[in-house]
Every structure is written in C-alpha cells, then in structure tokens.
C-alpha cells in the first residue's frame with residue numbers, strides 16, 4: 001500500500017457517540033430471561049444460575065458499522081468464581097448476515113471452544129451454546145469472540161476507555177487492565193483477535209454458570225486417519241483421530257497415543273499434539289515410516305488413558321491398522337527440497353501464533369539471514385528477546401509443505417539470558433527505533449546439514465505458553481538451484497509498527513524516514529497481516545516444496561549485499577507477494593543477472609515501488625544493512641533525504657538528475673503499480689489470451705471463441721499493476737490475460753494521490769536480451785490460487801493457475817520432482833523461431849495530412865507457436881507501442897508535422913521470441929511540385945479609375961498562395 005494508512009483495513013472505524021450507560025449489577029437469571037428470549041441462536045432460554053455481562057435490554061449506540069469486511073470481534077473478561085462458559089452471544093444488526101462463529105480463547109490465543117450460530121433472528125442478541133461447558137478459573141483473563149463473514153457489526157468506540165462493565169460474577173475489563181479491550185482481527189475465517197481500536201465495544205458476551213450438571217458420558221473416537229485397513233499409505237503421512245467432545249490435553253501424549261510396527265513392541269518415535277478447535281489429535285513420526293510395513297495405532301482408554309474435560313476416560317483402547325506404500329520420492333530424493341519434505345512436519349497448532357503473537361515475549365534475530373555452514377565453518381543465529389517471563393524456550397521451525405503440516409521443528413534451545421530488555425534507542429529527527437542495545441538472549445548453531453529455507457524461531461513462555469515469531473533465512477551460498485526465492489522482508493519492515501513508528505505511521509512526519517531490523521516484527525498484527533509473509537509468500541513456499549522444486553532462499557537484503565554473481569548460480573529468481581521496497585543495489589544486481597540470462601518471475605504486485613537505501617545500526621556496533629531508509633520524497637514533493645540518493649518512488653523523475661530516480665519499475669518487472677487497496681477481484685482470461693503457451697494443458701486453453709475464464713476472487717489484489725505504454729515498457733511484451741475494473745482507486749501521479757477510475761490488469765511475459773524470460777503477475781496474491789493455507793484465507797485454489805505456474809517454471813528451466821495430483825509436468829519451449837509481421841496499411845508512399853489520425857493495420861504469423869503481441873513504431877524504431885490484436889492488428893496513429901515518416905511493426909510470439917520489423921515509408925503533407933505561375937485576379941483601385949483619393953492604398957489579390 002502506498003498512501004499513509006490509518007485505522008483498520010486501511011480505514012478507521014467511524015467514531016461512535018459515547019457508549020451506552022448501562023445499569024450495572026444485574027444478573028440475567030432464568031427468571032429474568034424467561035423463555036423465548038429474542039435473538040437467541042441454538043438455545044431459547046438460560047438455565048437458572050446462568051449469567052451474562054449484559055442484560056437482554058442492552059442495545060448498542062452504533063448497531064451497524066459501515067465496515068463490510070470479514071472480521072473476528074471480541075471482548076476480554078474475567079469471573080469472580082470458578083465456573084463454566086457454556087456459550088457466546090453477540091448483538092446483531094440487520095445487515096450483519098452470513099456465517100457467524102463463536103469462540104472462547106485463553107488470553108494468549110489458545111482456542112478452548114468453538115461453535116457456529118444457527119437459527120439466528122434478523123437482529124438483536126444471538127446466542128450459541130458450545131458442545132460441552134468449558135471450565136474457567138476465577139480471576140483469569142479470557143477472550144470471547146465471534147467471527148462474521150459479512151462485517152456490518154455493532155461497534156461503540158471508547159466504550160472501555162475509562163471503565164469496564166462489572167456485572168458480578170462477570171467483568172468486561174477496562175482498557176489497559178490486561179492489554180487493550182475491544183479486540184479484533186481481520187481474516188476470512190476465525191482467528192484469535194489481537195488488535196484494538198479506541199477501546200471499542202463490539203457487543204460480544206458470554207454465558208457463564210458456576211455449576212453444571214455432571215458430565216458422565218465417556219468420549220468416543222469418531223474418525224481416524226489413515227482409515228483402518230488402508231494400504232499404500234504415504235510413509236510421511238500423519239496419524240490423526242477426532243473425538244466426540246473436547247478432551248483434556250494433559251491426558252494426550254506419547255504415553256496414551258502410540259504407533260507400533262506389526263510384530264514389534266517398541267512404539268515409533270513421534271510427537272503427539274491435540275487441537276481443541278477441532279477436537280483432534282495428531283501423531284507425527286519423527287522419521288519416515290518403513291516401506292510396505294504394517295502399523296497399528298492405539299489411543300489408550302481406561303483409567304490411565306485419554307479423558308474428556310470432565311475426567312471421563314475413553315471406555316476402551318481404540319486401535320486401527322494400516323500398511324505403508326512401497327517406493328516413493330523419499331527413497332531417493334531428487335533434490336534437497338524433496339529430501340527435506342520427506343521429514344515429518346509439525347502441525348500449525350504447535351508452531352503458529354495468532355496475529356503478532358504474545359506482546360509479553362517478542363524478539364528479533366541479529367541478522368535476517370545466514371548461510372548454511374560449509375566444511376570447517378560455523379554459522380550461528382543470535383536472538384534478542386524481550387519478555388516479562390521468568391523462563392522460556394525457543395523452538396525453531398523451517399517453513400515448507402511437510403505433508404500439509406507447513407513447518408518442521410528442527411531445534412529447541414534454552415536462552416542464556418532471560419530479561420526484560422532496556423528501552424530501545426531512538427532518533428527523533430528520523431523516527432528511527434533501534435533495539436540493537438538489547439542483550440543477546442540465545443544463540444543457535446546452524447547444522448551443516450540444514451536446508452536453505454525461511455525459518456521461524458518461536459520463543460514460548462513456560463508459564464502461560466504465550467509465544468511469538470522471529471523470522472530469518474538460512475541461505476546456501478555454495479549451492480546452485482533451479483529456483484531462488486527472495487523474501488519480501490524489506491516490505492515486512494516498512495509496515496512494522498513496533499515501538500510506534502513505521503514508514504506509514506508515527507513521527508516525525510506522520511511516518512518515519514528510517515526503520516530498523518533491530519526490532520521485533522509485529523507486521524502480522526497490522527491491517528490483518530496483508531503485508532506479512534503468511535499472506536502471499538507462505539502459500540508459494542508450500543506449493544513449491546509440495547511439488548518438489550529444487551529451491552533455495554535468500555532475503556531482500558541479500559539481493560543487495562551479496563551482489564549479482566550469486567544470483568547467476570540459479571536458473572530462476574522469484575519475487576513473491578508484496579515486494580514493494582527495493583534498494584538501488586538490489587535492482588542493479590537483479591538487472592545485471594538478467595543480462596546474463598537469469599529468468600525472473602515476479603509473482604508479486606506493487607513491486608519495486610519505493611526506492612530505498614541502507615545505513616548501519618545506531619546501537620554502537622555499526623552493523624551494516626540494519627537500517628532501511630526511505631524518506632518517501634515523492635510525498636514531500638522535494639529532495640529531503642540528505643543523501644544524494646533518491647528515496648521516493650522509482651518512477652518519479654522530478655529531481656533526477658542529479659538524483660538517481662526516474663526509472664519506472666515496469667522496465668524491469670513488465671508491469672507497473674497503479675491500483676491501491678480497495679479493488680480486490682478476480683483475474684479474467686479472455687479466449688484469445690487463453691491460447692497463449694502459458695495456459696497450455698489447462699481448461700483455459702480450450703475456451704470457445706468470445707468466452708473468458710474467471711480465476712478465483714482475491715487473486716487480483718490486494719494491490720495490483722497495469723501494463724502501461726509509458727516509454728519504459730520492455731520490448732516484445734506479451735499479454736496473457738486482460739481484466740478491466742471500474743471504480744478502482746487508481747494512482748493519479750508519481751505515488752501520492754489516488755482517485756476513482758477504470759484500470760486494466762494484464763499478466764505479462766517478455767524475453768530479455770540475455771535470453772531469459774521475465775514474467776510479471778502484477779498482483780500481490782497470485783499465490784492464493786496455488787495453495788489455500790495462508791492468512792486472510794477463503795480463496796479456493798485454481799488448477800489452471802497451478803498448471804500455468806508449472807508451465808512457466810518449465811520454460812524457465814525448473815521442473816517439479818513430486819508434482820501434485822491433478823497437475824502435469826510441462827515441456828520447456830524449444831521454439832526459437834521468431835514471428836513475422838507485415839503492414840497492410842498505409843501503403844508505401846502514401847500521403848497523410850499533418851494532424852490526421854489514421855489506422856495502421858497489418859498481419860502477423862508464427863511457426864511453432866502463436867503470435868503473442870505486435871508493437872508499432874512511427875519514429876523509425878526509436879520508440880515502440882503495443883498494437884491491438886495479434887494475427888490481425890491495428891494501431892491508431894496521429895501524423896505530426898510534414899516530412900518523411902518510416903512506420904515499423906514487429907511481433908513477439910508466445911515463447912517471447914521477438915521478430916524483425918517490417919516497415920513502410922509515408923509522407924506527411926503535400927509532395928506535388930507546383931509549376932504553374934500565379935495570376936493576379938483583382939486590383940484596387942481598378943485599372944483606369946479616376947478621382948482616386950490621394951491617401952488611398954493600392955492592393956492586389958493572387959489566385960494561389
């Protein structure tokens with residue numbers, strides 16, 4: 001996003017009048033509530049002794065907020081006595097339709113219960129009961145929330161700012177008692193709400209009782225995976241089971257859940273985890289299972305077995321058996337990525353956190369990336385953690401596919417220095433916040449066998465289980481690979497508000513000019529995490545590794561500091577997601593490697609928009625590449641960065657020279673940012689574009705004439721680019737789709753002003769002079785069509801998008817070793833024959849009047865492929881412009897001043913081969929030689945006139961100029 005943002009989802013909640021004054025001290029007992037209470041969900045009356053925070057008569061001042069987005073809304077509360085939460089309530093306005101899901105959480109984000117609301121009324125209080133009462137402890141903070149898919153929720157700002165709601169035994173907390181109250185998180189599905197805005201009351205309530213009828217029903221196992229008797233089971237597949245009711249997590253462990261090979265007695269080494277939200281356990285073996293071997297899984301019953309929350313044990317052991325398959329890709333892994341993903345993964349319930357994680361334990365790595373140690377070398381990663389905990393550990397995970405688990409635990413380390421760290425260093429003149437003065441808390445020695453990847457360190461409190469994420473990259477500088485993924489860490493940092501400042505918020509000018517990598521990342525808690533790695537980068541990681549691509553990773557910093565040479569060790573360079581901030585060195589190195597034949601795939605949008613530079617840290621160590629600098633001089637309309645380097649948008653030419661701006665990003669990426677947040681939609685592929693090689697092997701390739709295909713909603717967004725004819729368009733650019741969107745927030749200048757207008761998006765492809773291909777998706781969220789596991793989820797995957805990505809990477813020299821079911825390996829293009837173009841009109845020697853507009857038209861043909869696009873030059877080849885059409889094409893041209901003009905046309909095919917130009921020469925203005933003498937047609941005074949005045953003039957009129 002490129003305008004300064006405020007509030008939530010790019011705009012604040014509208015302020016409400018001061019909160020409704022409630023008569024406190026009321027308890028809604030059964031006699032008060034009565035039967036048939038208005039607005040109830042699955043229940044119609046409260047049992048005697050049941051309490052809620054608000055009485056049924058309580059009504060919001062703002063019953064319908066104008067926000068239409070899916071969001072989780074919650075309230076923090078405590079109880080005076082031990083008891084049970086039996087359900088959740090919320091106040092509903094009429095437009096708040098769609099699906100609503102109620103949740104109960106611990107204060108650190110562990111979900112204790114969830115249920116979907118049914119039989120709702122059109123407005124008023126709605127209630128859903130959980131399947132089983134959830135025990136809660138007096139004086140402990142919990143969060144009750146509900147998720148709405150349609151927005152338009154009740155919201156009263158400043159409600160909890162000065163006081164909470166005390167309705168004994170329930171208490172909604174005043175803002176600040178235990179962090180902020182009135183919490184929310186934007187997401188397409190339920191997630192723990194961690195953000196807040198002006199202590200707003202979103203009118204969420206709980207149903208509480210101090211006693212419940214004894215639960216004497218034993219739990220049962222309702223389903224298992226793999227199925228009992230299954231054969232050919234993948235050797236890395238997890239083993240799982242679902243229970244009929246919520247279970248006591250303390251009873252689910254490797255002592256009560258085992259997996260034993262047939263004929264053996266010793267259980268397989270494994271980890272066991274329980275997910276309260278789905279009432280399911282998973283057993284993940286620590287190594288691949290043996291091939292063609294029978295295994296028996298057992299969930300222990302009885303007094304020493306698993307139990308539900310009421311202490312009822314599973315009545316008897318639940319056992320089931322399966323047999324693994326024979327050979328597979330893990331027997332002889334094709335590359336390091338395949339070998340890594342053959343190792344057992346860890347469930348997201350173990351490694352993920354909600355939002356930015358627990359604010360009481362946050363930290364950062366002292367370098368965003370390190371290389372895997374080579375022979376005789378040692379590589380370490382140091383962490384600086386700030387926490388109020390007296391004890392914690394740091395678990396380290398590598399992100400990948402791992403059979404769908406999404407990450408693998410590779411280490412767990414104990415910190416050597418546990419402390420509440422010092423205040424961070426600040427520079428008021430630039431807004432820089434640098435926490436490099438913190439002390440090192442722990443160090444991890446990177447194993448020599450470590451696989452290159454994006455890693456997450458997860459510091460976990462020993463007392464509450466609260467945790468957060470610390471990302472870093474492990475490179476492999478000695479290795480070549482088919483695919484090199486660059487993380488968008490510069491953009492993560494630009495939006496990181498830790499300490500109060502980012503390149504969008506804070507001081508000194510409503511934004512900082514410098515931000516430090518010596519800070520914890522809290523970007524996932526900003527604007528629903530749309531600028532964080534789990535929005536658009538993580539699904540690409542999962543998809544690449546699921547399909548067994550030979551892939552390695554490096555940070556955006558590395559693309560600058562390591563130079564161009566290491567890039568050339570790889571076949572294809574990937575920019576993914578929201579890759580908005582690029583330094584001068586970063587771009588120069590990529591362009592240099594492009595010139596030697598490196599393929600570039602920009603699966604990104606709003607990419608290469610702001611030009612940045614690097615400075616050392618201010619913590620006294622002078623560590624290079626720790627301070628990201630961007631004065632956003634385009635917003636200032638002036639050169640305000642003290643450095644000669646330009647730090648505005650790359651395209652802004654106004655102060656260059658002497659600065660080094662004025663280089664539109666489409667000269668590199670093929671597309672240029674034009675549409676801000678607010679026009680997320682679907683990519684459309686018309687039938688003619690679907691005939692391009694990019695779409696081979698998909699349903700789009702066989703569209704009927706005049707039809708089009710619409711890809712999943714969300715894949716064009718949340719910000720996106722256009723293919724503009726701006727003088728920087730790469731030669732031979734081929735368009736692969738065409739989507740026109742009206743009423744979009746379109747950029748009006750060099751990077752500061754947006755206005756409603758119509759914009760067009762195109763996927764593009766061109767071939768660089770070095771021979772490599774450059775693909776431009778021109779959208780942040782292309783990867784949503786590849787894998788559905790990501791933040792702000794809800795978009796289904798698209799097989800055509802997956803296959804098209806396989807096709808593109810094949811043409812760039814990368815093949816999948818473990819291609820997913822439903823996709824087909826693609827053959828790289830062998831077409832090196834360029835297409836030919838011809839000009840039909842105007843004819844050679846034609847005479848065209850100055851200022852006249854005419855249609856230049858012609859044809860194009862190709863052998864071995866299809867014509868992808870045609871370009872026309874009307875200045876002898878100095879500049880080129882895209883024509884309309886392919887095999888038959890047209891271009892509108894307005895003639896200039898008189899003279900001879902050479903019109904040229906050339907075509908590119910769908911393998912991006914560029915053909916030679918055809919040309920015709922025409923004349924602008926008359927070219928006829930005038931040999932007729934002029935004549936005088938009249939004179940004044942007339943011949944022979946008399947009495948002519950002495951002061952009269954003499955004049956004559958000619959018959960021609």
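Cβ coordinates are placed from backbone N, Cα and C, and glycine is handled just like the others.
Some features that TrEMBL has for this protein:
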- 58-204: domain 'DUF4082' (DOMAIN)
- 215-324: domain 'SbsA Ig-like' (DOMAIN)
- 393-788: domain 'N,N-dimethylformamidase beta subunit-like C-terminal' (DOMAIN)
- 642-663: region 'Disordered' (REGION)
Cβ under 8 Å, sequence separation of at least 6 from the ends of the region 'Disordered' (642-663): give me the contacting residues as numbers and ranges.
2, 582, 584, 587, 608-613, 629-636, 672, 728, 750-751
What is the number of residues in the domain 'DUF4082' (58-204) that are helix, strand and coil, as DSSP sees it?
0 helix, 70 strand, 77 coil
Take the domain 'SbsA Ig-like' (215-324) and count its residues per DSSP category (helix H/G/I, strand E/B, coil), listing them in that order.
3 helix, 48 strand, 59 coil
Which residue counts does DSSP yield for the region 'Disordered' (642-663) in the helix, strand and coil classes, in that order?
0 helix, 1 strand, 21 coil
